[in-house]
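The annotation iminosuccinate binding site is assigned in Swiss-Prot to HIS48, SER69, TYR140, ALA141, ASN142, SER157, HIS227, PRO228, GLU229, THR244. Annotation comment: Swiss-Prot describes CYS114, CYS201, CYS298 as [4Fe-4S] cluster binding site.
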Amino acid sequence: MTQISERLLVQAHLAAKQPRVLSEQESAEHRAAIAAELKAQNAVLVAHYYCDPVIQALAEETGGCVSDSLEMARFGNQHPAQTVVVAGVRFMGETAKILNPEKRVLMPTLEATCSLDLGCPVDEFSAFCDQHPERTVVVYANTSAAVKARADWVVTSSCAVEIVEHLMDNGEPILWAPDQHLGRYIQRATGADMLLWDGACIVHEEFKAKQLEDMKALYPDAAILVHPESPESVVALANAVGSTSQLIRAAQTLPNSTFIVATDRGIFYKMQQLCPEKTFVEAPTAGNGAACRSCAHCPWMAMNTLERTLACLREGSGEIFVDPALVPRAVRPLKRMLDFTQAARLRLAGNA
C-alpha cells in the first residue's frame, strides 16, 4: 500500500467513523446493558491498552482483560467463556479465533484494521518469503491470519527480542515482517541476521525526535518512554523502550514523577490507574488535523465504542471467521510463541 493511499484510507476512517458522543446517562446505560449481555451469553470482554478508557474500564469491571496483544491471546485461550468479545483491531480477533476455533469471537466492528496488516498483503509477502527460503520467517502479531500461516514464528513486542535471540543462538537467519522500526530495534538489540519487510505503524511513525527533544527541555526531569515501533531517532532518546506492558511497568518502577510517552495515548488509562501520583505527557507527533494521520491515537482502535460493543452482542454482528484451511498453519507459529513465553515464565519463577 502506498503512503498516499494509506493516508487517504486513514483519513476516510477519521472522517466517516467518528463515534457519536454519548451523554453520561447513555454511557452508564450502555455499560450496564453490555455487562448484562456478557453475563447472559457466557461471554468475556478483552480490550487492548490502546482502546478508549471507557472500554478498558468496562472490560475490568466485567471480569475481562485489559492487556497487550500477547496477554489478550493468552487470556482468551485460557478463559472458559464460550464467546470472546475482542475490543481491538482485526488481527487480534483473528488471533483469538485461531487459538479458539470452537468459540464464538465477536468484535465491535470488523472495520478496525491496522496499517501494519494492510501494508503486508499475503501474496506479496509469500513471494518475498519464496525468494529467501533459507530464512526463518518471523512475523509480528500485527498481521493477517494468512500471513501468520506463512510464518514459522509469531511474536509480539513483549517477547520479540527473546525469541529472536533464541533463533540466533540456533544459527537461524531471519526474515522479519512487517514493522521495519521494530525489526531494526530487535536487530540492534540482538545482532541477529535479519532481512526486514518495509512496513510501519501510522501512530508510532509520527513521533519526531526534534520535537521530542524540545519537549524534554520543557520537562527536564521527565523520563521518556518509547514503543519500539517508533523511528530509531526517537528510540535513541528513550529512558525505557518496550511493549505496552513493559512501558507500564517502567512507569511504575522508575523514580521520575513525570513521563513523556511515545505510544498510543490509550495507554494513559492504565498508567494513571496504577500511578495516580505521576504525570504523563503525550510525545509530540507530526501535528494535528489533516497533517496528522493518527495524532497519538489509532483511528481504528477508536472505532471500538460502547454502542458498537452492545450491538455486536445483541445482534451477533462483527463475528470473526478464519478460513479453516489456514487455521492449522496459523496456529502453529502462535502456539510456538505461547509455549516459548510460558516456558520463559516458568524459568523466571524458578529463579526467583
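Placed from the backbone N, Cα and C atoms, the Cβ positions cover glycine too.
A quick note: this is a predicted structure, and the numbers were derived from the prediction, not measured.
Other C-beta atoms found within 10 angstroms of the C-beta of HIS48 (iminosuccinate binding site) number 27, with every protein chain shown included. Among the binding-site residues HIS48, TYR140, HIS227, GLU229, the ones whose Cα sits within 10 Å of the Cα of CYS201 ([4Fe-4S] cluster binding site) are GLU229. Between ASN142 (iminosuccinate binding site) and CYS114 ([4Fe-4S] cluster binding site), the C-alpha separation comes to 7 Å. Each residue contributes its Cα atom, and for TYR140 (iminosuccinate binding site) and CYS114 ([4Fe-4S] cluster binding site) those atoms are 12 Å apart.
The Cβ neighbour count for CYS201 ([4Fe-4S] cluster binding site), using a 10 Å radius and every protein chain shown, is 25.
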